[in-house]
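As structure tokens, the structure follows; a few thoughts come after it.
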Amino acid sequence: MADKIKDAKIVFVVGGPGSGKGTQCEKIVEKYGYTHLSSGDLLRAEVASGSERGKQLQAIMQKGELVPLDTVLDMIKDAMIAKADVSKGYLIDGYPREVKQGEEFEKKIGAPALLLYIDAKAETMVQRLMKRGQTSGRSDDNEETIKKRLDLYYKATEPVIAYYETRGIVRKINSELPVDEVFAIVVKAIDELK
């Protein structure tokens, strides 16, 4: 089964909570027929299912802690295999959060062709998340939790970006720009993969 995904185009999408990476991923799916896999969405779906694993995950997430690496990786791999026949490529959103995760991903699944680093200022991300929290009802969208998530994000992500920069596959995208301008830059990066 895993052979099916061996030659697929894999794009890591990294960006803080509220950076706009979800929006950009939607646009990529629409234009390129990629499968968008968000580790956060996969985790939330597992929690919503009420399974035993879901209950354990919920307890971890409510504390604002990171979910164990193997759990996330298994969920991503299962989801990739499930979509292998219909997918033109994969957007792996919100992963890897640390270098070790990236290394494990490559061992078990494959190497990324590109890392899109969707970057916005910290205050922009806080504002966007506060606004989203008013409408989403997501329990992790309150200011204290948001700041904690951003701190965790920066600490974890900087080494990841540096690690992939040494391979020359990182494209830093300024997501302070209007959505369509951001997407134009994203398109350029993906088109270079062909």
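Yeah, the Cβs are placed from backbone N, Cα and C, and that goes for glycine too.
Under the heading ATP binding site, Swiss-Prot lists Gly18, Ser19, Gly20, Lys21, Gly22, Thr23, Arg132, Leu177, citing sequence analysis as support. Sequence-distant contacts (6 or more apart, same chain, Cβ under 8 Å) of Gly22 (ATP binding site) comprise Ser38, Asp93.
Its Cβ placed at the centre, Glu65 (AMP binding site) has 11 other Cβ atoms within 10 Å. Positions annotated as AMP binding site by Swiss-Prot, on the basis of sequence analysis: Ser39, Arg44, Glu65, Leu66, Val67, Gly94, Tyr95, Pro96, Arg97, Gln101, Arg138, Arg149.
Positions annotated as N-acetylalanine by Swiss-Prot, on the basis of experimental evidence: Ala2.
The annotation region 'NMP' is assigned in Swiss-Prot to 38-67 on the grounds of sequence analysis. Across the range of the region 'NMP' (38-67), the DSSP-based residue counts are 21 helix, 1 strand, 8 coil.
According to Swiss-Prot, the region 'LID' annotation covers 131-141.
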Cβ contacts under 8 Å made by the region 'NMP' (38-67) with residues that lie 6+ beyond its boundaries: 22, 25, 75-76, 79, 92-95, 97, 139-140, 145, 148-149, 152, 156
Residue among binding-site residues Val67, Leu177 with least C-beta crowding, 10 angstrom cut-off: Leu177
Between Ser39 (AMP binding site) and Leu177 (ATP binding site): CA-CA distance (Å): 25
Cα distance (Å, whole number) from Glu65 (AMP binding site) to Thr23 (ATP binding site): 24
Residues Gly18, Ser19, Gly20, Lys21, Gly22, Thr23, Arg132, Leu177 binding ATP per the record - widest CA separation, whole Å: 19
